[in-house]
Ligand SMILES: O=P(O)(O)OC[C@H]1O[C@H](O)[C@H](O)[C@@H](O)[C@@H]1O
């Protein structure tokens, strides 16, 4: 059975989203994808959707201790409840710990939570729309806990080998491919499997020379930026990626993981967000 998408089309921006994962799956601007969605994405609710913006919560990858599962937590595969959209919001959803009690990994949730996630478009000064994503994480319980959170944004590019990512120069990062800690020199260029957690929160600009466009991501409420691309060999073993499709995206993720996880005290709401806009390449 196929999931039913929600569709918003205002003539310039076309957005498609699913209640499964509160997952914004596509953003096309003037007919061109800004967010990438895999042609082989599983859209029957049995898996996380490969592409768009998966929401990782309350842990990232295999979690703070490396022993959490499933990957990226329990909410990207949960069915979220539609919530009332406010102001310019196109869609909003909510999800609580009580909605995922029987999900795999539920026993590893650090405490009761209530999430609200909203997708909004606003015109920018230059007349180009800006996409705003915002996740609010509320702790309704009696104890303080920590959560890892990420908006795992798949940015569509013409050819990942011709991409330069600006805004991370001099940032320290953990290279998860080699396990080493390093410092970025100049813009990020991808030349192989890339999985890095940068200790910096944007703005970050993806210069997509083959695609003739730049995409800027402006994060809020998180201290880290993750850059990920599986490259050819990893992609070949990933069932929801087709041949060569790894060239068409780079994940630039607004993230709060490990030592930078978010502490949420009783009654507190932490907000993490990201705004995306397109620009002429090279400027
Ligand atoms: O395949 P997924 O569970 O969606 O994860 C895809 C990727 O997400 C993040 O970028 C992590 O840093 C990677 O280690 C992981 O491989």
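Just so you know, glycine gets a Cβ as well, placed from its N, Cα and C.
The following features are taken from TrEMBL:
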type     : residues : note
ACT_SITE : 152      : active site
ACT_SITE : 253      : active site
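Taking the active-site residues 152, 253 in turn and counting surrounding C-beta atoms within 10 angstroms, the largest count is reached at 253. A Cα-Cα distance of 5 Å separates residue 253 (active site) from residue 152 (active site). The secondary structure of residue 253 (active site), as reduced to three states from DSSP, is extended strand.
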